[in-house]
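Note sheet for the following structure.
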Amino acid sequence: MTSNNQNNSSSHQHLHSPSKLTEFARNFEDKPESLFGRVVNKIQNVYNQSYNTVNDISSGSSSSSSTQPVQVVGKSQFFSDSQTSTAEIADVETSSQSSVRPQPPTTLSIRTNSETRGTSTSSNTAAEDSETSDRVETLPLPTSEANQGRTVSNVLKHISNIVATKNNNDLRNYKDTELQRFWMPDSKAKECYDCSQKFSTFRRKHHCRLCGQIFCSKCCNQVVPGMIIRCDGDLKVCNYCSKIVLTFLKSSSSEMGQDMQELQQHLSNKLEVQDSGSSLAKHPQMQRAPLPRKTSVGYQEERFSSHPTYTTLSIDDRKNILQQSNSLITLHEEMQRDLPAQNCGQRLIEFLNSNNKSANEVQAVAILNAMLAAGFLEPIVPDPEQMDFDSSLHYKFSKSSSSDTSRTMSPQFEANPHAEPQPPKSMDQSAEEKEKELENELENDRCYTTATSKLLASYCEHEEQLLAQMLRAHNLDQEWDKVLQMLCSTAANHFKPEHCSNDLMDIRNYVNFKKVPGGRRKDSKIVHGVAFSKNVAHKDMATHVPFPRILLLQCPIVYERIEGKFVTIETVLLQEKEYLRNVCARIMSFKPNVVLVHKNVAGIAQDLLRSYEVTLVLDVKLSVMERLSRTLQCDIVSSIESNITMPKLGYCNDFYIRNYNGKTLMFFEKLTNPRGYTCLLRGGSNAELTRVKRVASALLFARYNWRLEMSFLLNEFAQPLSPKPSIFDSKETSPKTETEAELRSKRPIILERKSEDKITTIVSENVSDFTDPLRASQAEALSTSPCAPPVVEALAVEPRYDNRFRTALSSTLLSVSPFLTFPLPYLETEQGRKCKLRKLFPAELYFSKQWSRTGLERPDSMGDGEAGKSEPGNKENQMQLLPAHDFVLMKITAPASSRDIQSKLAEFRSFGGRLPKGKAPMLRPKKKNAEVIQRPQKVSEEQLYKDALDPQNHQRLPVLFCSFHYNPKGVSSFCKLPMLLDMKFYGQYDIMLEQFLQRYCCLFNSMCPSCNLPMLGHVRRYVHSLGCVHVYLTEDLTRSDPTRIYFTSWCSICNATTPTIPLSDAAKCLSLAKYLEMRFHGHAYKRRPPSTDAEQGGTVCEHSLHRDYVHHFSFRGVGAKFQYTPVEVWETDLPSLTVQLDLPQPFQSAQVQEEIKNFSIKGHEVYNRIHERIADLATEEENSPLVQHLKTMLTHDQFIFKQKIEIVHTLLTDNRATAYDTSDALAMARRALAESIELWGPRLQEIEKLTAKQAHHIDSGTICTEELRPEQVQTADSSKVTTSSLPKENDPLECPSEDTETGASNSQTVLDKNFSIDQMLASTVNVYSDKKSIRKILTQLLPSGNQVNPLQSPFPAQDHLTLPLGSIPIHVRETDLSSVIAYSLTSMDYQKAIDEAEANSNAAHSSPQLKRKIPLAESVSDAEDSPSLSRTSSNTSAAPNASVPSPATAASESEEKSKERIKQPPSPHITLAFQDHSCQFQCKIYFAREFDAMRSKSLKPPKLDKSLYRRLEKSKMREELRISQSRTGSEMELVRKPSDVGAPRTTEDDSNQEEDARIALARSLCKSVQWEARGGKSGSRFCKTLDDRFVLKEMNSRDMTIFEPFAPKYFEYIDRCQQQQQPTLLAKIFGVFRVSVKKKDSFVERSVMVMENLFYGCNIENKFDLKGSERNRLVDPSNQQGEIVLLDENLVQMSWSKPLYVLSHSKTVLRDAIQRDSSFLEKNLVMDYSLLVGLDKKNGVLVLGIIDYIRTFTLDKRVESIIKGSGILGGKGKDPTVVNPERYKQRFIDAMDRYFLTVPDRWEGLSKV
């Protein structure tokens, strides 16, 4: 121990500079350091700190000055088995100087420390081999940034090549390595390599132990452990190399032990204080991993893995070396002979010890570790966590030496969240039974060969059609097909799929097409190897070398210190020749014949290599070098200076150069087992061969994919389709039932029996994409059949839509695989064309050259035959050019300074162009100008959009991928959020099926770092089109061979199973994306019947092999199951910009008849009671004229009531009547009865107080109903008639009525009748001429509010039926505020106020003297001053209890008010007041004009014919009841007058859009019911209109205060959306009102907002209120009653098992609308809004809308956000619901994007949107 420490101390003392060194842990060995060793190390550290020079290194100066090249035979220079010492090195430089021609360098072998020690027994041989193999390093893949000299890639490569493995026990001295030989000599360095400071006595020279350059003490003061290059002690390195070491350790942290991790932390702490201007910051590539790889699906998830990863190349290389060890081979054979096949680990150790194979147990374990690494021994139950030998495990001897690289991969585990499909019981059998069953099945299965031939035949037919299509698309001769098929089939069939790496799966990476113009097409051939355009660097170099040794250099061979850094010429002259001679010596130590360099080579180096007879090729493309590296299986050396291990050279059969018509090609042919091919294309021009190359590349891809795909189809026992499938096989959606599949197979027979009309319908809705290779031929066959005309007609005749896409699609092959059926784009289906969102997208949604070429290249008058010959610019090409000038054609012999030449040149310049002069573009006709503008637009369209019908754009599979841990009893969480992956077939995001199973499925005991739960509980889900594939794991108990992947499947419907067989080598290399594509679109495949069942006539499963079967892969004790399940895809329904109001359903006649019957009985009872009271009076005053006239008036009222009832009966029996007609008639009938009760009740009370003397002198006369009609008609002629309200919630008589017009009614207001009766009585008084006495009597008969009505009313007390009639009859209820709003909107006062506001608005733009404003009070007072408004029981005024002023006072007040209003801005609100004998109402309408304007654009009333009710009412008005009074009694006669007699004064119907929308809104608001809306926390009360169209929400005072400044901006935003036709999610507000109801003992005042009901007409099963927050957003449905509104967390929990998938176009519209609306709300400081979502499963629609968007971020909300965000109130650290508007907006957008997931389809990314 002491001697060793002293030796270490002596070797270390020259490796440190004085005081700038940082101490590191000196001992990195596994054994603990003794106390004496620690003391020695301490003394050594103190000594190192005081040592100031490291320039003189023992035995290094002399050797470093030597520049002779060296060569290592067989192994690396540092791990050679030769016993030659360093003293035996010959001085080649001296000998070369004395000879005429330089000779290749001699062989050099170096002995390592471990080899000099040796062992004394033969039993150590295996251990030595093991130790030696542990020291062997392989070169990693090259990087693209490699430069000569001390660059990032060079040093990284240097470190990665020499980094030590886990065995650190065998370290050596730095002097025993070859690094010191390649140091820069001291005599060649005059300044520091980094800072360029001159060396002097005080600035000494220091060599970096890694790069070998010379630095000053400041630039070389870092220390790294020598174990990174398997040296003992520490190494002194420059700052640059120290940082590179740190970067390397960080990039491979998973491979480090504890000591290495401590080193990394120590280096990080040291270097973090370095300035940002260091050389490391100048190389951003250092931040990347040194071994980049292609992105794949697995690569996205490798962060889940908790296992260390190892480089596959290093393991393979190590294993190959170990397998070549004779001692291990002999030991393996002896152990197989003497031991059983399976043994315990302890038994193997005992065997080695007992047979003298090892001296102790440690050596035995080392030998067994070597056997494990070589593949001679493997555990029975593989455990990826246990990489080394374990005596407690059981092992078996392996016959196969193939490397099992899967244990180094990152695992992924999932479990199915749904009911796990269980395999049939027959599958539970041992591996031996499966093997026997497989052999019997394959031997006896005579269907295997038949299936193969059928599959091949179908593909060949498909390939021919695909090739012909591509040749036509590229304007190529069809004769190319035979040539291309021969070339591609040779390459695809001979290339071995296992040669593909996971990063380069596409065969086109291994087969290159080279264009060689000239020759004949049949001269095209396949070269087994690589061919490219290049020549040798010098003509004296050999151009033909049989069996060459090829070296690939990525770095330049030049002297360049730092790229881009200035350097003095003295240093270059001093060091360049020495440096290049040293580099060439390193190159020649590898003995190459051909050297290819990616960059340039200095002239000195070229001469040196030429003198050694080396063929040099310069400036080779990196892609060519990579292809050579793959084909020849050699390394690309990134740096000669830092490469200390033996690089792997390339070997081939022949190297030669050929010249083809001036094009020089360089060939590297490898005839045996080539890993690459080159196809030489000949027989055309360069332009033609460019197009041929594209076609050939696509054909090669298709042929190679089918080779792998067919192999998998045979493994899964797939049954090929019938030879003649129907061309109408393509459904617009994926098949869902087996019945559809059966009908699909029989559809050709069905089509023959269908009529022509039926066939036309089928074809128009189902257009196949002709992916099936037999469909095109079937289409040609059907084109000649009798069914052809209707088919062609169905495809061609579609006037409303552009049919170019579907027509082109019907004759285009999109897939390289046969028998795949793709659904049409949703927006191109009939259902998609009719959806609401279709109008938001362009009419031509997809672009294709198939029709754009026609519009661009061919004029309208050009025939079809000339279409292919024309080109975009041929119109200009056909122009006649002017003759060329003489100067262009003359031969110039005189100098340019001569006068003749100058004069000719001047004349040529003034000559002008050769194109004929035409009109200026601005003066051309419009048609030509339009063509000039459109041409570049079409060309740019080809550049902007992808061709949707190009098969190359369909060689991908867009999927929605996610991974999550599903816990049905707890909380689930995403480990990988759903993300859209565009999986390119055999390219980006794709992975081999075998690699996918090995890396992410078949590994145990892996924990997810995201959720820290076992990966076995995780789910991996791939969603595409209308289905998804779940991948989940189970434990495989069959004990199958762990080196093979077994496959089986079983039907989930009938439990039919396929035999368990090993997956073939070709099937293992199938693309995962192609496998998933078959699961999504290959539903036509069925299970191939076994031969035994076919012979015995047994039943065969007819279910889809890819839709109904569960696929099971078993590997190393783990079973991976793939199950396809259909998904529910939703269409979104946003709030429409225009709300279409529907016409109510007609009443049920029987029910209404019963209601009318009951109502008529009640009315007759009322009139009978009045008759009885009058009859009682008549007994006392038998001959009283007053009694007679009372009877006449009662008869008149009864007649009017009877007319109203008859109108209702007539409407019920007329089919033309609408619900509006019936409802209006019922409302007027109720109003007539209510008016009679109000009049006759008080009147009968007063009759008892009158004497008969005051009435018996009235003479008898005649009274007719015409005289009883009012003289003044106050109803609006042009107004609409609406329905009245219902007495009961479900009363059908009160449903809204038709939107009709009405003239003057027979039943006018009660006051009008009183006025008419007063006139009648005044004209019939004969006895008493004193009218005052008569008026006094009638005044006493008027109803009084202080009296109690003796007549009992059949209507509820809170109903008010006798208010002044407006545009339509409205039934006002005290408890229903919506009826008060409806009455206010239809009242005459509201219309007058709107007109006044309009007049004021117009007056603002004109002179105030020209227009007089009519105040509301004035208009009301004028109305009240009329005789018809004299009754106090039906009074209207501007405010409750307002007194009626005199005309003079009102006029003066109105003038004063008008002057004040001119000064003040007009208020946008209108306040209306009205009352009757028992109640006062007031309604304030906010922003009346603005809401009217918005409603006129947003509400669309139903289109109705002329009201039938109005015609009937006019007809009844012409009926007169003539009543004759005589002493004997009354005589009545019904007389019908002509239509123009007695008709009311009407005006023509002027359609007013605002009024129509307002009346339509009032019809819905006339009746509402309470609605218990759940989910909100505001506590507001809600109501819904009876027709379910609108929602009324109560608003508090704070909401009203916020709404007033917000409303103008809201109107502007909605108007802009309507003008620009931009969809919005904001639920529209149709009015805000404040309603007050005042009675004697109560007063109610509420503010109400009227909004649209988002769920109108929808069958909503689930409702969600989403805010984007997950804090307290969970509802327990079990604890809720009634209507349940779920929240965010409920939706998240549902997304694990049943996410909300939406179509792609729906997600596009939804995302834009959310972004636009949330931005608008953010600008107005609005937050806390919600997205209301309803699931209409019946129609497959998500109904959405944003609600509660009034609340702003006020002070109280700020305080709430701060308190909840602090965590004082809990919340589990989640973001509070209420945050500032900017933050709320972003969170809302992100959450909605997560909640609604897009389901990609085949057409994802190909549309113009």
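Start at 1 and count along the chain as shown; that gives each residue its number.
Cβ atoms are placed via backbone N, Cα and C, with glycine included.
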Listed as phosphoserine by Swiss-Prot, one of SER755, SER1160, SER1307, SER1719: SER755
Annotated residue, phosphothreonine, per Swiss-Prot; candidates THR165, THR295, THR760, THR1057: THR760
Listed residues SER852, SER898, SER1530, SER1669, with the one flagged phosphoserine by Swiss-Prot: SER1530
Euclidean distance between Cα atoms of CYS208 (Zn(2+) 2 binding site) and CYS195 (Zn(2+) 1 binding site), Å: 14
Residues within 8 Å of the CYS192, CYS195, CYS216, CYS219 Cβ centre (excluding the Zn(2+) 1 site residues themselves): GLU191, TYR193, ASP194, SER196, GLN197, ARG203, PHE215, SER217, LYS218, CYS220
Cβ-Cβ neighbours of CYS211 (Zn(2+) 2 binding site) (radius 10 Å): 27
Residue among the binding-site residues CYS195, CYS208 whose Cβ has the most other Cβ atoms within 10 Å: CYS208
C-alpha spacing of CYS241 (Zn(2+) 2 binding site) relative to CYS192 (Zn(2+) 1 binding site), in angstrom: 15
Packing count at CYS192 (Zn(2+) 1 binding site) (other Cβ atoms within 10 Å of its Cβ): 22
Site with most surrounding Cβ atoms, counting all protein chains shown within 10 Å, from the binding-site residues CYS219, CYS238: CYS238
Rounded Cα-Cα span from CYS219 (Zn(2+) 1 binding site) to CYS238 (Zn(2+) 2 binding site), Å: 6
Other CB atoms within 10 A, centred on CYS216 (Zn(2+) 1 binding site): 23
Secondary-structure category, per DSSP, in which CYS211 (Zn(2+) 2 binding site) falls: coil
Per-state residue totals over the zinc finger (186-246) - DSSP helix, strand, coil: 15 helix, 15 strand, 31 coil
For the domain 'DEP' (323-399), residues assigned helix / strand / coil by DSSP: 38 helix, 10 strand, 29 coil
Whole-number mean of pLDDT values that fall within the domain 'PIPK' (1473-1796): 83
